[in-house]
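K.L.:
Before I ask anything, here is the structure I am working with.
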């Protein structure tokens, strides 16, 4: 009886070729494809996996789990790798790994295979997560093992009649989920080349966007968006709704050269229309609901959390601790944020909360002012005392300094 390998199957070039490669190595292949909100035709993927030679194919709808257990932390934690990339692909990898391990244990497979190259981040994310969840499982990386170029891989697919939606003229590598879309390879590898129109799918060119704006009010409960214009949505449906609405306005395009975990720089094109709107609105609500010290310290945690996610360390004690901190900060992040969507921009123009720390009577410069300005004299004297003492001792600062 042949040993079984569970393959993370997407229906794309790498994993389609990997099915045949694993069969040639003497394994039975159990394909596993997750829906994390990318809108893929899963019936087609299922049939394609079987046509490629897989003995079984599991199709798992994990969209709700992805939004509730993973994207929720991207929102509450304002996760942005290098202050630019909202960890789109990285965020789905721990969930995919979790499901692969569950299928491997269910089918008595000896290991798990993925279609990642030896140059990317995903190989690290998958393998570290799998070993964290079940150290006994073997991990196979066919693409890394055979060492082919993208062109050689395409040629192999053509020779073996493996249908893939890719060719030498359009060799993009695309990954998409609920939180956004990532695109690389081909002409995009030249960091000076402008991305062609066919590199985008979720967002319109600015020239093709409406000439009138849309204005929406997003309601948040404990850090998460729950309704738009008083219409309630589950989180996954709310994100998909905003992907459509904001994408129509050309919002969410990111052209980024990032520092990969494996030590190289990579040019990536991201489309994150819903994420951009939600994160801007969430940050705006935090400005009136978080205390000054929390608001100033939270970005330190956010940066570390984003790096943990990007670097494949979702299943780790540190990430568990970071989640607890983030959750504790969101207890009062409840309220409404008004956002205007127009010509590539999501602009916050209003925010309110029953837990707002903004006191209009203290902030106003009108006759309603309740701020005790006389108290400023003593505050300034004490606040500036260390500076004054230092200048008395060392002679003060000259104008040249």
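Each Cβ is built from the backbone N, Cα and C atoms, and glycine gets one as well.
On a predicted model such as this, the values are computed, not experimentally measured, just so you know.
According to Swiss-Prot:
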- 8, 9, 10, 11, 12, 13, 14, 15, 16, 115: ATP binding site (BINDING)
- 85, 121, 125, 173, 258, 270: L-citrulline binding site (BINDING)
- 117, 121, 122: L-aspartate binding site (BINDING)
K.L.:
Going by C-alpha positions, which of the binding-site residues (14, 85, 125, 270) is nearest residue 117 (L-aspartate binding site)?
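P.N.:
Comparing Cα positions, the closest of these binding-site residues turns out to be 14.
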K.L.:
Does DSSP give residue 8 (ATP binding site) helix, strand or coil?
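P.N.:
Its secondary structure by DSSP: strand.
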K.L.:
Going by Cα-Cα distance, pick out whichever of the binding-site residues 85, 122, 270 is nearest to residue 16 (ATP binding site).
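P.N.:
Among 85, 122, 270, 122.
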K.L.:
Measuring Cα to Cα, how far is residue 14 (ATP binding site) from residue 173 (L-citrulline binding site) in Å?
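P.N.:
Rounded to a whole number, the Cα-Cα distance is 10 Å.
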K.L.:
Which has the fewest other CB atoms in a 10 Å radius around its CB: 14, 122, 258, the listed binding-site residues?
P.N.:
258
K.L.:
Between the Cα atoms of residue 125 (L-citrulline binding site) and residue 12 (ATP binding site), what distance do you get, rounded to the nearest Å?
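P.N.:
Pair distance, Cα basis, whole Å: 19 Å.
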K.L.:
Which of the binding-site residues 85, 121, 122, 258, 270 has its Cα nearest to the Cα of residue 12 (ATP binding site)?
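P.N.:
Closest recorded candidate to residue 12 (ATP binding site) by Cα: 122.
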K.L.:
Three-state secondary structure of residue 173 (L-citrulline binding site) from DSSP?
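P.N.:
Its secondary structure by DSSP: strand.
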K.L.:
Do you know offhand how many angstrom separate residue 8 (ATP binding site) and residue 122 (L-aspartate binding site) by C-alpha?
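P.N.:
So the alpha carbons of residue 8 (ATP binding site) and residue 122 (L-aspartate binding site) sit roughly 12 Å from each other.
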K.L.:
Please report the distance from the Cα of residue 121 (L-citrulline binding site) to the Cα of residue 10 (ATP binding site), rounded to the nearest angstrom.
P.N.:
17
K.L.:
Might you list, by sequence position, any residue in that chain lying six or more from residue 270 (L-citrulline binding site) with a Cβ less than 8 Å away from its Cβ?
P.N.:
85, 86, 88, 180, 181, 182, 183, 252, 253, 254, 256
K.L.:
Would you list the other residues of this chain near ATP - those whose C-beta lies within 8 angstroms of the C-beta centroid of 8, 9, 10, 11, 12, 13, 14, 15, 16, 115 - in sequence order?
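P.N.:
Neighbours within 8 Å of the Cβ centroid, excluding 8, 9, 10, 11, 12, 13, 14, 15, 16, 115: 17, 18.
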K.L.:
List the Cα distance (Å, whole number) between residue 10 (ATP binding site) and residue 122 (L-aspartate binding site).
P.N.:
14
K.L.:
If the L-aspartate site is taken as the center of the Cβ atoms of 117, 121, 122, which further residues of that chain fall within 8 Å of it by their Cβ?
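P.N.:
Here the nearby residues are 116, 119, 120, 123, 124, 125, 262.
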